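Record features, source TrEMBL:
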type: TRANSMEM; residues: 43-67; note: transmembrane segment
type: TRANSMEM; residues: 92-111; note: transmembrane segment
type: TRANSMEM; residues: 117-138; note: transmembrane segment
type: TRANSMEM; residues: 159-179; note: transmembrane segment
type: TRANSMEM; residues: 191-214; note: transmembrane segment
type: TRANSMEM; residues: 243-267; note: transmembrane segment
type: TRANSMEM; residues: 279-302; note: transmembrane segment
type: TRANSMEM; residues: 309-327; note: transmembrane segment
type: TRANSMEM; residues: 333-354; note: transmembrane segment
type: TRANSMEM; residues: 375-398; note: transmembrane segment
type: TRANSMEM; residues: 418-441; note: transmembrane segment
Amino acid sequence: MLFPKLANNPNKDPKIGFVEKFSYGLGDFASQMLYTPTGSILIYYYTEVVGVNIATVATIMLVSRFFDGFSDLFMGYLIEHTKSPYGKARAWLIRMLLPFFVAMVALFSVPSGMSDILKYVYIFVSYNFAITVVYTAINLPYGSMTTTMTQDSYQRSIIVIYRMLLATAGNTFTLAVTLPMVDFFGGTQTAWTITFCILAAIAVVLFFVTFCFCHERFASPPLEHSSMSETLRTIRNLFRNKYWIMLTLAMLTTFSADVVFGTANTYYCRYFLNNPNHIGTFAVIMNCFKIGSMIILLPILLRTIGKRNALGIACIIICCAALARLADPYNATLAFVAAAFYGFGQGFTYACVFAMLPDTVEYGEYIDRERHEGLVYAGASFGMKLAAGLGAVIASLVMDFGGYINNAETQTEEAMNAILYATSIVPAILFVLAVVSILGYRLDKIYPDVIKELQARKAQNSQEQGPVDVSDANKA
């Protein structure tokens, strides 16, 4: 064992302190330093620096997301079967530090002088290595640690708020510093590589801090080798969990909307506001209000109206904010004010979905008498990554359909409208679909009863009796 003094401590005080909460949040700060550029900057880098076709790149990203689905399920399987003194999920944080650094740098180091075909091959390989392999192998275990650190629903919500606060800070930091750093180092391809070497080094240090100070307290024992039929049965059981399905659909639509907005907003800054560096201004405004809503209002709303209702309200706020831009698309002041409301709503959406997801683990255990935090997070992770691919494709196809021309000084009226619609109407539609997907979600109300039943089973040391009838479980 490389770090014997950093072995997992399952007997750690069940009341999670500030240092552990903050350290856990730093893991998502680090994650955002890879994930944020792939959603908001990468297509811009590919089209404006590397000089490849926007629709082709978006198609590569979407195809890669389907590979991602298999990698998520495989990673969930690995987590369930991991036996390490560092813990089931926690162990993967230390294992993936070096690959994470390499992946971040490779993603923004497309060699110059290549033919377009070779550039597309490099993009496909580096993108899949970074997202399908490395990001999955570190972020999926990181996310599933929420279920193993505590079983208290409110404490989980607070942990997730810390996670979202630090994720927001990571998102803001990455968007605010990337383009200025590239300019500082000369604006060349080498400048992009140097920039991401620095960002990757920071991310690796932050993940190591998360590994050092966070511990698993309630992880189920690692599974023995299982047959393919048993694995397929477990996956089928996952789809019996109706609240997991609802939440995954909500994540798919909200995350797709955010990626559509973020991808097209870089072009909006360039062609409507005549300053691509305004993307950093948008990030600061949106994320400041996101942090404010998470700190000031969200803890109160979680105790009063519940996670589902808070999520629904947030989606409605974001719809209105996205559509406000249509009133005067060239007005930077209006765009920044609307962005503040958009960020305010985002503070609810991200924190709520990640606070709701661990609860679906207990519901799955309740109806199936089996606990599979790895697969629950794997399925949700696939939804998130598919959303990133879909969002990029939707934004790119809308712009391509409008006749967008790479790196042109000006765009046609049709192309300008396409950019505008991709930052307003399209995200609004997706957030409406998110509201529809959670209309039947009532796990907030029955969760205390679910936990009582699970605790009673453990107290009685009851033997496995097979799955609970879902129709009976729904009456709880």
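Keep in mind that glycine also has a Cβ here, set from the backbone N, Cα and C atoms.
Unlike curated records, TrEMBL annotations are generated automatically.
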Listed stretches 92-111, 117-138, 191-214, 333-354, 418-441 vs the transmembrane segment (43-67), most Cβ pairs under 8 Å: range 117-138
Best-packed against the transmembrane segment (375-398), counting Cβ pairs under 8 Å over 92-111, 159-179, 418-441, is stretch 418-441
In the same chain, residues at least 6 away from the ends of the transmembrane segment (418-441) whose Cβ sits under 8 Å of its Cβ atoms read 242-243, 246-247, 249-250, 253-254, 256-258, 260-261, 263-265, 267-268, 271-272, 308, 311-312, 315-316, 318-319, 322-323, 325-326, 329, 349, 356, 394-395, 398-399, 401-404, 411
Ranking 92-111, 117-138, 243-267 by Cβ pairs under 8 Å to the transmembrane segment (191-214) puts first 92-111
